[in-house]
Every structure is written in structure tokens, then in C-alpha cells.
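Enquirer: Take this structure first; my questions come after.
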Amino acid sequence: MTTRTPQTISYPAPGARPYRRDEAPLAPHVIVLFGATGDLAKRKLLPGMAYLDQSELAPHIQVVGTSLEDLTDDEFRAVAKEAIETYGRHKLTDEQWASFSKILTYVPQGAGSEALAAAVADAESRLTSGAGTGADAHEVQRLHYLSVPPKAARAVITMLREADLVDRSRVVMEKPFGTDLASAVALNDFVHETFRERQIFRIDHFLGKEAAQNILAFRFANGLFEPIWNRNFIDHIQIDIPETLGLDERANFYESTGAFKDMVVTHLFQVMAFVVMEPPTALEPRAISEEKNKVFRSMLPISPTDVVRGQFSGYRELDGVARDSDTETFIALKVGIDNWRWAGVPIYLRTGKQMAEGLRVISIAFKEAPRTMFPSGSGVGSQGPDHLTFDLADASKVSLSFYGKRPGPGMKLEKMSMQFSTQETEQLGDVLEAYERLILDAMRGDHTLFTTAEGIESLWERSMDLLEDPPAVKLYQPGTWGPNSIHQLIAPNAWRLPFERGWRERKD
């Protein structure tokens, strides 16, 4: 009987000087975009690639689009142009579009592996010709972006193997990475038959956001917070990702997935790891991945009694949804980390569709101070504990709330807050959209913001009890914050959302 040994990523030896990938010249790349006419490609990937090209962050790229649609090069360029005009944050001038359109080509996926290999070879020749970079053929790298449904990922991996497009290649995979432990292990084993772990980039666009990365800087670059970042000073943590969006055409996919598999395993747990992990030895992929994986290994098994599953009223009437569906469109749960830093500190996660607001918030609630010295009626404690709040939206906001004296006679206290936003710095224009950052990191071979096979399998293992015996779904009305039982889940604490006050708006 053979023993399965999960693949890991090879890294420099401990103590080696960290290698700054972001300072090294980026090699010429051919980006093969599978699912090139899909929603994600139109909304995020094509606009992002256009910006990376025009900003010269990735100055030497060729993009080969492929999908099930039978398009010509010009028809694909028309799709890309409309996508950039509709969804791009950075609009292109006519001259910029003319330049970007020249690097776009297309091959129908139905044409087979030989046609794909020929299209990639043509793209590489354009990069190595006199009009290109002048690079040698072996210097051109390949990035295969799998913007395809989970069921299609295996077929794409097989196609890449048959097309002999594995060497000099990296592959970006979209969630979900399995639906339970067995399927995650099977998927990882299948992909590892073709690609080594160091070639695989499992993407989580939440970690690509500037605010998520700022958590690492906030924690480890400042002596103010890290000494109190533990169970002695922190009462509980909330990670809240409500969405106002419905499911529209995704209902059929969602019916077999649900909020836990779609959002919690692939997004919220990854963000949680950034919040609670130990300081890495360096800001290098191996060090950060190892600390994240320690968090996942330290997680207590998720008990069904610590979970609230909800379903918005009207979900069962959507096309592709069973009339007696038990799929959750909302989930809230309590997670425990059994290590010296976090033992006894509950972490509350919440996400759902068609909720009251669309927000992405991490809230750290600090333990309350003794109140005996303050007179009755002073207001101390009346507005909850002090909070440090990260807003993961593109504005990248941080707020610290605490009690202060209200001006006037007597000792009346009220909550005050200090706020910071990248909108208020001169670096706002330097902020990359999440997919732009992650595509660039994948081309550089930087796994820092990506998920490992070991991490994914650990999370599914901790989720087995919930998957085997999930609590019944409870209905909630669209436009609300979920089923009423979420308040019993977090008691005696309270959900941070909705905020009791708004963010301070930027002053021009």
C-alpha cells in the first residue's frame, strides 16, 4: 500500500536572504485564458490584463483566449473591447486599445490541443521576434488561467498536458477547490499528475485586495498592536461579508454548492488566517503559507451547533433550484483556534446573498476595561467594546473606535473613532485591483496570496462534521441581515454590522 505524500512548494533555506520578486524584471509571458468569453473574464480578467499591459507592469505579454464559443480573432477582440469599456476601471484611449488589441488572439477550445499548442507557439514567436522582446524561446513563460466551472477544470488540465504546455508554465485555478475532503484530495492528486505544486496558483481574490494585504503590514510593522493581538486583550473577532447580490444565472451552480463551500472555505477562512496567524519569518511565500497552514491545523472541528444556515425567501422559485432545496444562501458560524495565542477567543464568520448591505469587514473586539470608577449613567460600555475595524472594500479603510469624554459638564462618555483610508493618501493611484495584483503575482511565481493544497485539505477536514450533519436552513427576507437566530449564535456579544456610524467621507 502506497502512502500519499502531499506536494509542497520548494523554497530557500531558512535564514536565506528574502528574494524580492517584485523588483526582478518580469519575464515575457503568454497568458492562455480559458473561459475567455465568460463573466469573470469580461468583468475582471480582460480589463486587468489591459491595465497591466498599458501600465507596463507586464510590458511583454501575449494573450491567447479560448472558450467553447467559435470566434475569430477580431470577434474576440470585439468582446474584449466591450468588456474593458463596460467594466474596466482604467479606460483606454483609441491608441492604447490599438496597442492592446494587437496582443489578443483566439482559438476555439473545440479545435483541440494541437490548435491550442500552435496558437501558443505563434504567440511565443511574436515575443521572441525582433519586433518583440528579443528574448530566447526558453525565457518566455506561460500562465494558464482557468476561468472555467469546477467540472471543466480536469478537462482543461488534460488538454494542457496533451498540448505539451506544461513546461515553463504556471496554472491559476478558481474556486471551489473540491466540495469536501475526498473531492479536494482527488482534485489535488489529479492536478499533481501534470503540474507540480509550485506551478499551481489557487486564487482567492479577497487576499488580492489592498486592505487584506494591509492586515499584514498593520500587524507586523507596528509595535502598537502586535503585543495585544492575543487572547489576553481580544474578546472576539468578526469577519462579515454580506452581499446584496442575488444569484441570477448562478442559481444552478449555487444549488450544488451553497454559501459555505462557495465563500467560507475559499474566502473567509483565508482572510481569517491573515488575521490570526503567527508572525512569519519573512514576507515570503513559504513562510506565510506555513503560518496560514498552522492556523488551519489548529482549528477546532466545526460543530453544527455553532452554525446558522439560512435561505432567502424566493430562492426555491429560481430556475435550476429544487422546490424543496436545503441549500444555504446564508451562513454564520463560530470558529475556535486551539493554540496559545487564540484559545478561548471565538471567531464569528457571516456571509450571504441578498442581504441588507454589501460590505467586507473585519472587526476586532477588545476586552472591556473595569467600569467601577465611572459613575452610573456615564455611558461607559453602553456602545459595546472598543473595535479595530478593517474595511476590505477597494477604499481600504481602517477604523479604531474607543470611549472618550463628551464635551461639557460631568463625566459623559461616548464612542469616538480614528479612521484611515488610502483615499486620503497620495498613493491612491498605485492601488491595483485584486485580480490585477494576483495575475501579476502568479506571473512572478509569488505564492504569498494564494492557497496551498495542504491548506485546502486541512479546511475540508475541519468541516467534515458540518458537511455530514448540517443544521436545517432557516428562511430570511431579502434585504435583511439573515435569520434571527444569528443573535443567539453570537450572544452575549452583538454583530458589528450594521454600523452605528458611517465611515467618514473623503474631503476634496
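Any Cβ shown, glycine's included, is placed from N, Cα and C.
Curation plays no part in TrEMBL annotations; they are all automatic predictions.
Just so it is clear, the model here is predicted, and its values are computed rather than measured.
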Enquirer: Given that TrEMBL lists H205, K209, E243, K353 as binding substrate, which residue among D189, D262, D338 does it place in the same site?
Expert: D262
Enquirer: Checking feature assignment: region 'Disordered' per TrEMBL, candidates 1-20, 301-320. Which range matches?
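Expert: Matching range for region 'Disordered': 1-20.
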Enquirer: Could you measure between D39 (NADP(+) binding site) and H205 (substrate binding site) for me? Cα positions, answer in whole angstrom.
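Expert: Cα-Cα distance, D39 (NADP(+) binding site) to H205 (substrate binding site): 15 Å.
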Enquirer: Rounding to the nearest whole angstrom, report the longest C-alpha distance spanning G35, A36, T37, G38, D39, L40, A41, K42, K175, listed for NADP(+).
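Expert: Of all Cα pairs among the recorded NADP(+) binders, the widest measures 18 Å.
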Enquirer: May I ask for the distance between A41 (NADP(+) binding site) and H205 (substrate binding site), taken between their Cα atoms and rounded to an integer number of Å?
Expert: 14
Enquirer: Among the binding-site residues listed here, D39, E243, D262, whose Cβ has the fewest other Cβ atoms inside 10 Å?
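Expert: Relative to the other binding-site residues in D39, E243, D262, D39 has the fewest Cβ atoms within 10 Å.
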Enquirer: In angstrom units, rounded to an integer, how far apart are the Cα atoms of E243 (substrate binding site) and K175 (NADP(+) binding site)?
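Expert: So the Cα of K175 (NADP(+) binding site) lies 18 Å away from that of E243 (substrate binding site).
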Enquirer: At the Cα level, what's the spacing in Å between D262 (substrate binding site) and K175 (NADP(+) binding site), rounded?
Expert: 7
